[in-house]
Ligand SMILES: Nc1ncnc2c1ncn2[C@@H]1O[C@H](COP(=O)(O)OP(=O)(O)OP(=O)(O)O)[C@@H](O)[C@H]1O
Ligand SMILES: [Mg+2]
C-alpha cells in the first residue's frame, strides 16, 4: 500500500513538473510580454528596463532555473501587470470558480448517473431511447453554443435570468447549467453502457438464480460492479470541468480563475498563467489519485492484497 | 402427480426465432437426469426458461409444473421463492458466476438469509458448515476472501455451497465441470454424486461429457436443435442407442469399456435455428435418412422397451452396437 502511494505520488510530481516546464517554454516562445504589456508606442529604454527587471533577456534555461528555485521557496512570482504576487491574484479568483464547478459537478453526478442507470434497466424502451438522445445532444453541442442558447432562451426571450455578471446567486444558474449539461450527457451514456454490461454478466444471472429479488440484484450485485468504470469517467470529468470553467466564465463574465487565465494569457502575464496551470495540474493529479484509491476500494481485484490465505 | 418437475410443450423463441420446439420432460424426486447434446441445442435455455431467467426478448410458452405449480407466467415474487429455494442452478464458468466485489462468505449468507431466514452468527456458522461440506479447506479463514482468490474448482465448490443453502429439491448443474481441469472435474463430479445422495435432492446434469453423464445419472435425455430426440435409462441408451444422433454422439467419444472403436465425429454441423430443415432437423447429417425424413418431423414417442424416441428409421434394436458404424462409411 505504501509503495503504491509513493509510486503514485512520484508520478504525480513528475506530471506536475512536466506541465510546469511545458507551460514555461511555450509561454516564452510564443510572444513577448514587454511588447504586449507596454504597447507599441513606448520608448526603447522603458522596454529595455522592463526586460531587465523581469530577466527576459537571460537565456531561457537560466530563467527556468530561477523560476524553479523560486518555486521551491514557495515564491510563485509577481504579476507583470501590477507586481502583486501571482498566487494572491489566483487565490482571489478560486472561490468564484468553485461556485460554478462544484454545483456543476454535483448536478452531473446527481442527474447523469441515475439517468444512465435508469436507461440501462429500461433498455430498448422509449425511456431508454429518450435518455440516449438527450445525452447525445448534451455532449455534442459545444458548451459555448449551449451557453449562448441558454442565454437566448432564459435571459433574452424569457428575461427570467441574468445573462452575465456575478452579483447574486441567480447569476450562477445559467453558467452552472452550461457547464453541467455536457457532463450529464457523458455520464448518462457511460453509466448506461457500464450498467448494461454488468447486468449481462454471469454473476447477475447467478444472483437471480439464487432467488435474490430484482431490486436487490440491481442494488447489491450490479451497482457495486458498475461503480468501477463510472468512477473512472468521473475522474476524467474533473478535467473537463476546468476547461468548461474557462469558456463559461468568459461567456458569462464570471470573475473566476478561467477568466483570469484568458486575460493573463493575452497579456503574457507569465507568472499568473504559470500559477494557474500549476494549480490545474495539481487538481488533475489529485483527482486521478483519488480515482486510483477509489478503485482499490471498489474492486478487490485491483487491491494490492497482502491478506493471508 | 408424483413428479417433481413436469415440463410440457415448452417453447422458446428469441426475437421471433424459435430455439426450443416443444420440450416435454419429467424429473422425479431425487433422480439424476442427464441432458446431453451439441452446443446450441437448447439445454441451458430449457432450464433458464423454466426458472424465468431468460432476457426479456425471449418469448416462452408451454408449462413448467413444479409439484403442480405452473412456473411459466408465474408472478416475479413466486419465481423468486422458487429460485434457489426449490430449484437451484449452478453454471459453467464458476469464476465469473460469483460476484467479484462481494466476499464469498457474504454471497453464501445472502442465500441463507433469503431461504432459511438465518442471520448473524447462525448464518455464518451455517455458511461455514456448507463450505466445509463442499470441501473448501480452511473455510473459516477464507470466508472473507473474494472470488478471484479462489481457483476455478474451488469457485465451483462455492457455487455448490451457495446452491445448497436453500436446501433445494432440484439442482440444475449446467456444465459445471466444462471450464475445469480433468482432475478437478472428477472431484466436482464426485462431490455432486455424494451431495445428491446425502441431501436426497434431484439433479439435472447438463453436459457434453457422456462419460460424466453415465457416472452421475440414471436417466438421460438427448437433445438436438431444440427438441428431445431420445430419452431413456443411461444403460439402455449407452448400450443400444437407437436415434442415429445418439449413436453418433457415442461414436464420437472414446469408449471406456468394451472393444476399441474408431472415433467417428458426426458429419456436418448443428443447423442454424433460423434455417432449420423442414423435416427432421438431423436429416442433413444422418446416414440413415430417407426421403421421408426430409418432409416429416418425427414426434417423440414411447417405445416398448421403455425409452422415448423421435426417429422414423431408428437403429434396429437387435443390431450389434459395432455394426452401424459400417453404414457411416
Ligand atoms: N440470450 C440469448 N439471445 C439469443 N439467442 C440465444 C440466447 N441464449 C441462447 N440463445 C440461442 O438459443 C439456442 C440454445 O442455446 P443454449 O444456450 O440453450 O444451448 P446449449 O445447449 O446450452 O449449448 P451449450 O452447450 O453451448 O451451452 C442457441 O441457438 C443460442 O444461440
Ligand atoms: Mg448451455
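Here the Cβ of each residue, glycine as well, is placed from N, Cα and C on the backbone.
Sequence annotations record features per position, and here TrEMBL assigns domain 'ABC transmembrane type-1' to A:94-295.
Within its own chain, the transmembrane segment (A:12-31) has Cβ neighbours under 8 Å at 60, 63-64, 67, 71, 268, 270, 273-274, 277-278, 280-282, 284-286, 288-289, counting only residues six or more beyond its boundaries. Here TrEMBL flags A:12-31 (among others) as transmembrane segment.
Feature annotation from TrEMBL assigns transmembrane segment to A:100-121 (among others).
Long-range contacts of the transmembrane segment (A:133-160) within the same chain, counting only residues at least 6 positions beyond its ends with a Cβ under 8 Å from a Cβ of the stretch, are 115-116, 173-175, 177-179, 181-186, 188-189, 192, 244, 247-248, 251-252. According to TrEMBL, the transmembrane segment annotation covers A:133-160 (among others).
Summarising the annotation, TrEMBL assigns transmembrane segment to A:172-190 (among others). Same-chain residues lying 6+ beyond the ends of the transmembrane segment (A:172-190) with a Cβ under 8 Å from its Cβ atoms: 99-101, 103-105, 107-109, 111-113, 115-116, 119, 131-132, 134-141, 143, 146-147, 150-151, 154-155, 161-163, 166, 229-230, 233-234, 237, 240-241, 244-245, 248-249, 251-252, 254.
Residues 96-97, 100-101, 104-105, 108-109, 113, 117, 143-144, 147-148, 151, 164, 175, 178-179, 182-183, 186-187, 190-191, 194-195, 197-198, 257-259, 261-262, 280, 283-284, 287-288, 290-291, 294-295, 298-299 of the same chain sit 6 or more residues outside the transmembrane segment (A:226-251) yet have a Cβ under 8 Å from a Cβ within it. What TrEMBL lists as transmembrane segment is A:226-251 (among others).
Under 8 Å from some Cβ of the transmembrane segment (A:271-295) lie the Cβ atoms of residues 8-9, 12, 15-16, 19-20, 23-24, 27, 67, 76-80, 86-87, 89-90, 228, 231-232, 234-235, 238-239, 242, 257, 260-261, 264-265, 302, all in the same chain and six or more residues away from its ends. Taken from TrEMBL, the feature transmembrane segment applies to A:271-295 (among others).
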